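Feature list (source: TrEMBL):
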type	residues	note
TRANSMEM	436-457	transmembrane segment
TRANSMEM	478-505	transmembrane segment
TRANSMEM	525-545	transmembrane segment
TRANSMEM	600-618	transmembrane segment
TRANSMEM	638-666	transmembrane segment
TRANSMEM	847-868	transmembrane segment
TRANSMEM	874-895	transmembrane segment
Amino acid sequence: MLYYHVFFSINQGLSCVCEKNSRIVDKVLEFSCKPCPSNLTATSDHLHCLKKTNVSCGLKDIELETEPNGLSLAQKSCIRCSPGTFPSLDRKKCLPCRVANCTCPQTTHELLLDGTLCVFNQNLTLWPDERETHIVEYDVVGVDVESKYLKKHLRALLYKCVKMKHRMSCESLGNLCVVQMYKDERKVNPCRVFKDYRRIPTSSDDDRLPLPWIYYGEGDAFIAMNRKKITSKYTIRPGSRKSKLQLVAARYHLNGSFIEVSELSPVELQLCPGLWNGIESAFRFGARYFHSCNIPAKQLIGQGSTEPIFYDFYLEYDDGKKNMLYAIPLLVRNIKVGTTYPNKGRDTSQWLLTRRMFLMDLFSGYSIKTEELPKVIQYLKNIKLVVQAQREIENEGNIYPPFMVLEYGQITDENISSNELCPVTFTVEFYMENDILHYVDMSLGILSGCVFIWSCIHTWSESKRCGRMAIDLWTVGQFAITCCSHFANMIFAVCLLLAVHTMFFYKAQSVVYILLPSQDLEAVVNRYITIAFILKIVEIVRLIWKQTTIDIFLVDWEKPRILSSQKQNGIIDTQKQTVSIWRSYFVANEWAEIQTKRKISLPLQLLLTILLLKIYGLENWAAAEPEVHLTKVPYRPISQLLGFGMLVIVFSIVYIVQWITTVAIYERYIKNCIQQFVDICSLANISVFILSAEFFGYYIHGRSAHGFSDTDMESLIGQLRREEDNMVRHRGLMPGTDNQTFEMTVPSSLKTYYRRVMAPLNSIQSKQLSGSSFRIKKVDKMDMVKIGQAYNNMNKFLAAFLDHALKDLDYEIREKTFVEKLLGIEYSDPLDKGVFFIDDGHSFDQVIFYGNECTLVIFDLMMLSFFYVLTENIVLSAIITGFLIKVMSVIRTTFGKRNLAKKTLIDERFLI
């Protein structure tokens, strides 16, 4: 029976090795191992088991485990190296001495690499053995470490590379330069060797040192990333050989030895643990890839090795004749020049591109003092492959050279001891430069002119309704607020069109016509959405303020009726029956109830939107890949731009369905709360007189067709029956009509009288008409008399005005012209005579939420979109939106009731 003792190697789980005391049984069909018996030990190549022995080889001996013909020995043996040779570091072979008799003269030479390298002192004068030579600076955590590895190897590598032109040593110096983030400020530094070789190699560099190419030249970034040398044409069609990028990596050991050149798997760039399902699609052309995780520090270092692998990346492409390799530049964010980080800026001319990278550095942070853990560990925190497609039609499917953006994180031994979480991110982004931002700016510029003109018309109309003919500070303020409203709608509409256009063309294309905008452009769109939302808030604040400060009065048409009774002496006694105020209270409560009534249910709207996006998977249509899926694709992020477009589309569809259901079915056949309020006014014999501006408002004619309403139930039912049988006059303000609701412009003298009647009550209302004041204080008798007189005077005055009973104060009734309806303006001058405009039956809903449904639903959508781009979580965005809209409704109801009590002279305690 075989016992399998295998584990994933430290090299990203790409191969298996046997445990320490196990031998390989089969490594062809299925890699398997078998432990050696207890009295045997495995050979170094894990192919055989040898008898255990206590023999210890001498300093000049090598260890043998096989015969010269390759057969295994029974036990390990020792053989002394012949004169003129010495044992290698692994004690597997004898190497020729570099000096006579393998002895190093102490007076003229210096032993390096633990005594294995003897160097003439004069050859080391450029690299003195000083503490500064071995210092590694870790800028992220602000720690300097005197590296044990550098102290042992750096001077030897410099000597062998510079003096002996040893290629492997030069490669190793390049690796050390990469680990030190390409710093060369110190006098002795591995990067100083590359000072004259910071450029792309050319054919004239035959006499140069055998240094690896790890630097691009200063100013080469723009040229390197905009060359059109890659001739392969890629496609977004799945399954095609050209639908994925083929990346190749050259791999090196820390000591500079070459490992291999082979295809790069995305798994090799992953520090995140897991099975990585779907990771092979990371290099899918035209799609984005995103994977992030938080790894505990102890688990992170457990994945590393004291000798990391170093990579040079290439793109493999076909030039039509043969496969070619194109070097992929690296943009390391950690590179520091003096006190600045040039690669963190956006100016590509300042970028310093490099070639080589590593995943984790566990060796350089070990101090010369013996320690179990390194002082500092470096790991690849963020890696991002950026691919830009060429935009020209003739270059369809071609790309510019890809480049990788790297950012290294650093953790100290204290972080390791506390096992802190280390964030890791791997991203692939494809994008295409286009004129979208230019078109957006151009659209905003053109539409801004239209918005300016439209805002001027609205401001002029508002000023005219308020009786302001000259331009003053109030007019300028109104114009600014109106511009905020219209600019918000315009900006949001442009962003929405951009998102919908991108989504449809990106998902529907069969050839490379458009790719997703860069994340920088998405950030610009997000800023526009934020600006639109902030501007819309200004409009909503004004809307609530206007609706909670309107002048409103309930005109009671009921007349006192005379009651007669006959006394015992035969005398008939007559007295007037007082008019009940409860009908006014009833109408006032109905008005308060419909103040925040909407045509749709926002909770239902948000719930259905979440249901379609999250449960039914429509959100996955916004995944950053050309295909459309209803299920989530692993590591495919949701594009914020496409997600925004999908959110608005789904929200709009749900809203349209809900709106049609409410308006066309529910309100027509079941219940229409607005029309019901008008009917209640007629039933209660009360009209509603509303002034939303100084000389403009709305009128609901509620005068009963029966002449009275203050009666018992039997009489009330009889009135309704006679009305059903058309046995009474029409309800309308004009004889023979049913028009009960009107827009109106009132004469200035009416407003003057209104202010004169209400002026003495302002101080009384502020201290007595709130519910809490009535509960705590007694109402002054004189104040109550004043309130009652004011109510009666206003009621009589408005009733007389509506009955055309005032000689110098009258009005006419007509319909608005087409232009007046289109622009929302009135041509009439309200100074001398009022005008009542016949409306569509519910124009008065402009002073409540119901008539501003368009404004409110756009605000709902803007708020939902704002929190979506802020949190990238549709569920959280919907919860926040629903909560804030509810708070807004509560504020509107509270202040609306307070204003209703104040303006109608009704005690607020009677408003439910």
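Cβ coordinates come from backbone N, Cα and C, glycine included.
Counting residues 6+ beyond its ends, the transmembrane segment (525-545) has Cβ neighbours under 8 Å at 440, 481, 484-485, 487-489, 491-492, 494-495, 498-499, 517, 640-641, 644, 852, 855-856, 858-859, 862-863, 865-866, 869-870, 888, 891-892, 895 in the same chain. Contact between the transmembrane segment (600-618) and the transmembrane segment (847-868) is supported by 3 or more Cβ pairs under 8 Å, counting only residues 6 or more apart in sequence. Non-local neighbours of the transmembrane segment (638-666) in the same chain are 288, 495-496, 498-500, 502-503, 506, 516-517, 522, 525-526, 529, 599-601, 604-605, 608-609, 612-613, 618-624, 857, 861, 864-865, 868-869, 872, 874; each lies 6+ residues outside the stretch with a CB under 8 Å from one of its CB atoms. Proximity of distant same-chain residues to the transmembrane segment (847-868), defined by a Cβ-Cβ separation under 8 Å and at least 6 residues beyond the stretch ends, is recorded for 485, 488-489, 492, 529-530, 532-533, 536-537, 539-540, 543, 546-547, 550, 594-600, 602, 605-606, 609, 643-644, 647-648, 651-652, 655, 673-674, 690, 692, 698, 874, 876-878, 880-881, 884-885, 889, 892.
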